[in-house]
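First comes the structure, then the notes that go with it.
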Amino acid sequence: MRKVFFLIFLSTIILGACGGFSLGDGDTSSGGTGDPEDGTAQEETIVLDFWTFWGSEQRRPVIDQIIEDFNTSQDEIEVRHTYTPWGDIWTKNLAAIAAGDPPDVIINDIMTVKLRAEEGQIEPITEFVQDEVSGRFYDQMMDAAIHEDEIYALPFNTDTQILFYNKDLFEEVGLDPEQPPETWEELDEYAAQLDIEEEGTYERIGFYPLIGAGTDIWVLNALGENYLQDDGEVLIDTEPVHETFNWILDSQDKYGQNRITSVNSQFENAQQDPFMSGDVPMMVQNANYYVQLRDFAEDLNFGVAPLPERVPGNGNTSWGGGFVAEVPMGASNPEASYQFIEYLTSHEAQLYWAEQNFDLVAHEEAGVSAAGSGEFDDSGQEVYTQMIENMDETLLTPQPVIAPDYAGTVNPIFESIVSGNTDVESGLEQAQSELEQLVEDNR
Amino acid sequence: MYNTRKMKFWKSFNLILLIIGSIFMIAPLFWMVSISLKSLEEIYRGGFNFIPEDIQFSNYAAVFEIVPFFTYFVNTSMITIFVVLGNVFVNAFIAYGFAKIQFKGREVLFIVVLSTMMLPGFITLIPQYVIFANLGLVNTYYPLVLPAFLGSAFNIFLLRQFFKGVPNSMIEAAKMEGANHFYIFFKIALPMVKPALFTVAIFSFNGVWNDFLGPLLYLNDESLYTLQLGLQVFKEQSSTQWHYLMAGSLMVLFPVIVLFFLFQKYFISGSNILGQTEEK
């Protein structure tokens with residue numbers, strides 16, 4: 001028994017030396033006042049806790065530098081950065097809001113701003129936002145941050161889907177490497193030329209729509225708008241969407257489901273990148289994919305282009321996402337939080353972020369400056385310019401309050417069509433009616 | 001002669017089956033080792049080569065540079081020591097009471113304790129967080145450690161079944177000699193249920209060492225983070241640094257593997273223990 005007590009005693013001593021059991025410094029958040037160095041009360045400094053999911057060796061130094069620049073630019077606010085794991089950061093945020101102990105500023109998903117606003121999880125910041133500030137961003141991003149005429153967040157960064165193609169392989173089969181395909185028909189023609197078929201198996205897949213992209217992107221591309229409109233109208237059982245699925249299935253029939261599954265599963269499990277290896281010479285990807293090509297495929301001679309259009313004149317509609325900076329409900333000093341958010345989304349901070357991370361920033365002018373930045377080589381400038389041009393036709397699809405999880409209803413049906421379990425006609429009819437029902441139920 | 005031949009055949013058959021099974025089980029671990037020694041460039045280039053073209057031991061050193069791995073190791077160990085001690089001794093103490101001390105309402109109370117097993121952890125997550133936040137304990141280790149000292153229904157149930165196996169005659173005899181329940185618990189009952197204590201210790205070690213959600217919710221200060229949170233640094237929204245992630249994961253896994261080899265007979269008996277509910 002003495003041994004047990006000794007063990008407990010010993011552990012207590014060790015733990016006593018360990019910060020995790022000291023009570024006073026438990027809560028470092030909440031926008032309270034205090035001295036940034038020693039934690040003692042000092043009226044002039046407001047301490048803000050800023051949560052992000054940027055902890056990697058690439059992103060962390062960049063965000064830390066932006067924070068340091070803000071902290072040294074004035075002496076009223078001291079921002080402290082807390083890294084919290086990607087995805088789980090928002091679970092933690094919800095718990096902290098419920099307990100009335102949230103961070104002062106958080107980076108959150110742009111797609112769900114309206115839902116959080118509806119649920120009362122974000123502080124509105126309309127009163128602080130000047131027109132000059134709200135005019136900085138791409139319109140579709142700012143729209144996603146507004147709910148019922150109140151501004152709830154400021155956009156930070158975004159992305160867009162573009163076509164990557166292998167110029168060397170284009171040349172090898174006699175295609176002009178400076179003329180990427182512009183329509184779905186051209187995509188099919190180019191793919192046929194790039195295919196390598198041996199004994200009934202495609203060793204090289206010229207192009208398959210669902211390697212790198214999902215069905216929803218092609219549906220948006222075909223429609224030129226979201227299949228769920230703001231007013232609740234559903235556009236799934238329509239001619240362009242029928243054509244999309246028939247096109248995907250034709251391509252799937254050609255290459256064979258097994259071959260595609262094998263390429264996709266290797267890609268998803270990071271066992272092999274089919275574009276880098278030359279197995280798939282044309283692939284739609286998030287434009288940030290350029291960074292991987294730059295770092296891990298130095299010799300690859302590639303080009304970028306907008307998503308080809310369904311038919312000439314239909315438009316090169318693409319899809320994007322992104323993140324916002326917002327003030328969680330219950331943060332004790334929203335005005336101070338906003339001051340920091342405004343700095344985060346300023347030209348200076350956004351340009352620095354764009355140059356260091358090759359990330360498409362929400363600040364339009366900062367993005368344009370980045371495209372011509374000396375930090376990027378010619379290829380980088382070309383891709384960044386394409387990203388900016390693409391934003392004119394990039395749709396954001398924020399989750400609407402009338403049907404928050406609409407994709408969860410529709411995507412399984414889309415998958416069922418692609419896997420051949422449901423035919424196109426009845427699948428799209430079912431998706432249309434289920435989504436209409438969901439909207440009706442939530443009205 | 002025939003029987004011996006038949007036995008030999010089945011023995012070899014079983015052996016081959018076990019070897020094949022083991023290969024399937026251990027292959028992911030080898031794959032982890034392989035990826036942890038590759039460059040990210042080689043990983044992206046692909047191919048099924050188990051042996052890396054250019055072995056990168058530096059990946060392991062890099063993990064220590066990118067995240068304060070040693071600090072996280074110490075933090076995780078601290079929490080683990082306390083949780084395991086709490087789980088073993090507190091639950092044993094409660095279980096002893098339920099098994100060997102007669103008092104009014106004992107059975108009803110036991111059912112109430114057991115019924116807490118029916119509540120999924122996610123339901124109590126937010127209320128528990130709110131309680132700890134109101135107590136001012138968020139961003140300390142207390143929310144991770146204190147629950148271990150308040151009893152867990154599963155462990156209480158497991159240990160109670162074992163304490164029931166301690167003969168009442170021995171307890172009566174000790175009482176006749178003037179021993180109280182504390183003495184009987186520590187000197188007689190506890191040594192007799194050692195295998196069950198090891199089982200509880202091993203399972204709680206595994207649980208707390210690999211716990212991600214608890215530290216995620218309650219710890220805000222990065223200097224207090226645990227290994228499981230540290231590993232997440234290598235995963236971001238659009239890319240994962242697989243080589244570092246695998247190197248880090250293997251290092252986190254190492255103590256669990258060591259523990260398994262040290263206590264493997266308890267690990268194996270642990271899975272059979274629930275069946276042993278004989279009363280004496």
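Any Cβ shown, glycine's included, is placed from N, Cα and C.
Remember, TrEMBL labels are computer predictions, not curated facts.
Lifted from TrEMBL, the feature list:
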- B:12-33: transmembrane segment (TRANSMEM)
- B:69-96: transmembrane segment (TRANSMEM)
- B:73-263: domain 'ABC transmembrane type-1' (DOMAIN)
- B:108-132: transmembrane segment (TRANSMEM)
- B:144-163: transmembrane segment (TRANSMEM)
- B:184-209: transmembrane segment (TRANSMEM)
- B:242-263: transmembrane segment (TRANSMEM)
Beyond the flanks of the transmembrane segment (B:12-33) by at least 6 residues, Cβ under 8 Å: 50, 246, 249-250
Remote residues contacting the transmembrane segment (B:69-96) - C-beta distance under 8 A, at least 6 residues beyond either end: 63, 113, 141, 144-145, 148-152, 155-160, 162-163, 181, 185, 189-190, 193, 197, 200-201, 204-205, 207-209, 215, 223-230, 248, 251
Long-range environment of the transmembrane segment (B:108-132) - Cβ separation under 8 angstroms, sequence gap at least 6: 94, 98, 138, 142-143, 151, 153-154, 156-157, 160, 213, 217-218
